[in-house]
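Working notes, structure below.
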Amino acid sequence: MKLPAAAGDAIVIGPNAVRLIKSWGEQLCEEIEPHLSNATHAEMLDHHDRFIVRHELAGRGKGWFTNRGRLISILYEHARKLGIDIRLGSRVTKYWEEDGRAGVIVNDRERLAADCVICADGVHSAARAWLTGQVDTQQHSGWANFRAHMTTEQLAKDPEASWVLQGTREKDRVYVWFGDGINLAIMTMKRGQELAWALMHTDKFNAHESWAGGRASIDDALATLSPWPGRLRPSSVIRHTLPEKLVDHALIYRPPLDTWVSAGGRVMLIGDAAHPYFPVVGQGGSQAIEDGVVVATALELAGKENVPLALRIRATLTEENNVLMEAGNSRYPRATVIQLGSSTLQEHLFWPDWEAVAKDPSVFAFPNPEWILGHDCREYTHQVFDTVVRAVRGEGEYIPRNIPADGAYRVEDTYSPE
């Protein structure tokens, strides 16, 4: 089974995760870099297509913006070169945890056992239901997001649409339009060779929470923009989208879980399975990468011989059988603050206070929080590992230093790249 290299639309990887990927090797980064957008700013416009302000993108040029499928394909090939056993098309049909081991049943037939199981099975996680014993607590937000990716050959030939490629041979462009309950972003990549767009709207078309597609219509996307007096320019671009490349993705809110770690301490949720975000916060992929690195670092610090074998996390605790609990405890506050913040930011941007915007266009500025973008989760895990282990054993207190002191997410401009 081969991954489709250009599947999906686009993904943002923040500087906090880019630093981690860069640590995996120079050759890997050389493969990724030709596919990135080199845009550094975005033009903010209203629904009349009137210019509001030009803002610097989140990450101050240290983050990545690229095609989702291509990035995943490159990372997949990198993992294969490392000799990692990846089995595409293998469906996990059951999870188990018993007698000092944990594992999965694949395709209702093959039983696999391991020291621990890390579950990264996304927003529809079967592992989450097994681990928590809860039915999915999803709540439809009422929002959906048309999303698409395209190459730009046809745009260049269309006099009405070619405006979006002006200047992109030197610098990619980002345009963001705001209207009441509607938000549109158009972003070029690879010096104008590719383009992605995303149209946030109230869900009137029975959108699905799936990247595999479902019913999505270009006509519906264009109709969503029909009330805008300034729809001509963005519509000229959207209409070139191939139907098979369009997704209308429902935005589903899921409240934070009580825990990501199983009672036996051998099974853990990470990524969207643990803490799904709204895309507006631009940290979904980055926080998933942080999850993986923190778990790997915690396992490395404990050593294979110290991964829990018989004792349960909630029984007599020692450092050995706290390794996944340590990873969960150090990650949970940080990921949860960002998860809750994504909901707040969603409302803030999609029902703008136009009087406030007229007085201060910075209300549309991209979040640039130092505590998110400047964070080195690997170094932090080394620093707090022993403290968190002692806290789990009841021998002290762990006070997170990777979130704001009051635990509140704010739109702030505090990030200073190294």
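Sequential numbering from 1, following the chain as shown.
Any Cβ shown, glycine's included, is placed from N, Cα and C.
Taken from Swiss-Prot, the feature FAD binding site covers VAL12, ARG68, ASP272, GLY285. The active site annotation in Swiss-Prot covers ARG147.
Feature map: Swiss-Prot annotations on the structure.
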residue : record           : Cβ contacts under 8 Å, 6 or more apart
VAL12   : FAD binding site : ALA58, GLY63, TRP64, PHE65, GLY282, GLY285, SER286
ARG147  : active site      : ASP9, ALA10, ALA196, TRP197, ALA198, LEU199, LEU246, VAL247, ASP248, HIS249
ASP272  : FAD binding site : ALA120, GLY122, VAL123, SER125, GLY284, ALA288
> In the same chain, outside VAL12, ARG68, ASP272, GLY285, whose C-beta lies within 8 angstroms of the Cβ mean position for the FAD site?
Replying inline: ILE11, ILE13, PRO279, GLY284, SER286, ALA288
> Relative to the Cβ position of GLY285 (FAD binding site), how many further Cβ atoms are located within 10 Å?
Replying inline: 21
